[in-house]
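What TrEMBL records for Glu85, His225, Asp229, Gly230, Asn231, Gly232, Arg233, Ile234, Gly235, Arg236, Tyr267, Tyr268 is ATP binding site. Annotation source TrEMBL lists domain 'Fido' at 138-289. Under the heading active site, TrEMBL lists His225. TrEMBL lists 237-256 with the feature transmembrane segment.
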Amino acid sequence: MNAEDFQNSATGRLVQIEEGKNPCYAFVPNPLPPIIELDIEIWRTLSDADRALGELAGLGRTMPNPTLLIRPFIRREAVLSSRIEGTQTNIANLYAYETGQLSLPGVLPPPPKGDAQEVLNYVRTLEYGLDRLSSLPICLRFICELHERLVDGVRGKNAAPGEFRRYQNYIGQSGSIINHARFIPPPVPEMHQCLNELEKYLHDNCNYPPLIRIGLIHYQFESIHPFMDGNGRIGRLLISLLLLNWNLLPLPLLYLSAYFEKHRQKYYDFMLGISKYGNWREWLIFFLQGVTEQSKDAVIRSKKLQDLQIQWRNELTQARATALLLRLADSLFESPILTIPQAQEILEVTYRSAQQNVEKLVNANILYQVSEGSYGKVFIAPQVLQVIEE
């Protein structure tokens with residue numbers, strides 16, 4: 001980290017952490033909120049984001065079956081947020097892993113060892129956080145509980161799960177030394193002070209609009225980098241949880257990782273630009289554009305899934321389908337990869353009855369058998385997967 005790039009920063013200060021011939025400095029961000037002039041461009045971008053988010057919120061309030069979207073959206077977010085950190089699992093891999101398949105022979109190669117579990121941990125962490133919001137506001141304890149679940153048994157498991165770091169960390173290329181770091185977060189004593197100030201800001205009243213505040217908080221958390229591993233994923237989790245906690249959405253339908261992954265270099269550069277130059281403007285416009293883009297995407301994706309559900313129901317009803325068959329078809333929106341034992345569990349029927357219902361969905365061109373997996377025949381609903389993955 002080149003200390004000269006940060007010497008005139010209006011958003012923080014440098015602290016020397018190593019002396020000698022090549023002294024090393026860490027960056028300590030100032031407490032939130034900063035003083036920012038919200039110019040016309042920021043207000044216009046904020047207005048677009050509020051409008052798009054409002055449309056998504058309206059859709060969420062009128063949905064007859066919200067779980068139709070919540071489960072696939074959570075899994076899409078888990079895959080894309082983890083991909084930013086280097087995992088190579090896709091959505092179909094994740095669904096296959098959840099059904100007990102390490103891969104789908106002839107359809108999907110297995111992901112690198114540990115990647116699928118890492119993504120599944122993200123799913124479980126997000127689901128835990130959504131449930132925990134009903135009993136605990138977002139605070140440092142809440143954040144540690146998320147982290148404990150995120151890195152349980154996977155990469156980062158030896159980095160004190162659920163505990164803030166006790167050692168200096170840094171951001172740079174894999175294998176690089178601290179002197180070649182792209183960014184060095186606060187030393188441990190200053191880190192704790194920064195975290196306490198961040199927690200206070202989470203609960204303080206502030207004149208900035210909520211979406212602006214979430215953009216500020218995301219940068220602040222990432223610049224503090226309080227864990228030895230998993231900081232990026234926790235930071236992106238907090239965006240989705242704050243949208244719910246502050247009643248900006250009635251359901252967890254908006255996730256920004258697809259946008260951040262698509263513009264990964266800008267995502268990193270704009271946050272670094274805040275630390276170096278105090279350039280909040282570019283980051284906030286970028287962040288708000290992400291809210292707009294992903295809100296619109298979520299609305300389109302939601303309507304496609306709802307339309308597909310209606311289409312299937314109409315086709316099956318015309319073919320005199322039973323209530324059991326309709327229930328099994330609906331379950332494919334939550335998990336579009338299915339085995340007969342899973343169908344048996346969903347319908348609470350005998351194996352033979354579950355098999356017959358699966359065969360009817362195959363005959364209706366809703367399900368397709370793709371392999372003999374680890375636990376018998378595996379079927380997929382490609383139309384659902386296509387909407388989630390596209």
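Heads up, the Cβ atoms here are built off N, Cα and C, so glycines get one too.
Recorded features from TrEMBL, shown on the structure.
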{"residue": "Glu85", "record": "ATP binding site", "Cβ contacts under 8 Å, 6 or more apart": "Gly232, Arg233"}
{"residue": "His225", "record": "active site", "Cβ contacts under 8 Å, 6 or more apart": "Asn169, Ile171, Pro185, Asn231"}
{"residue": "Gly235", "record": "ATP binding site", "Cβ contacts under 8 Å, 6 or more apart": "His218, Phe221, Glu222"}
{"residue": "Tyr267", "record": "ATP binding site", "Cβ contacts under 8 Å, 6 or more apart": "Ile84, Phe260, Phe286"}
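Spanning the residues Glu85, His225, Asp229, Gly230, Asn231, Gly232, Arg233, Ile234, Gly235, Arg236, Tyr267, Tyr268 that the record associates with binding ATP, the maximal Cα-Cα distance equals 19 Å.
DSSP classifies Asp229 (ATP binding site) as coil under the three-state reduction.
For Asn231 (ATP binding site), the number of other Cβ atoms no farther than 10 Å from its own Cβ, over all displayed protein chains, is 22. Every protein chain considered, the tally of other Cβ atoms within 10 Å of the Cβ of Asp229 (ATP binding site) stands at 21. Cβ-based neighbour count (10 Å, all protein chains) for Arg233 (ATP binding site) stands at 28. Mean model confidence of the domain 'Fido' (138-289) amounts to 93 (pLDDT, 0 to 100 scale).
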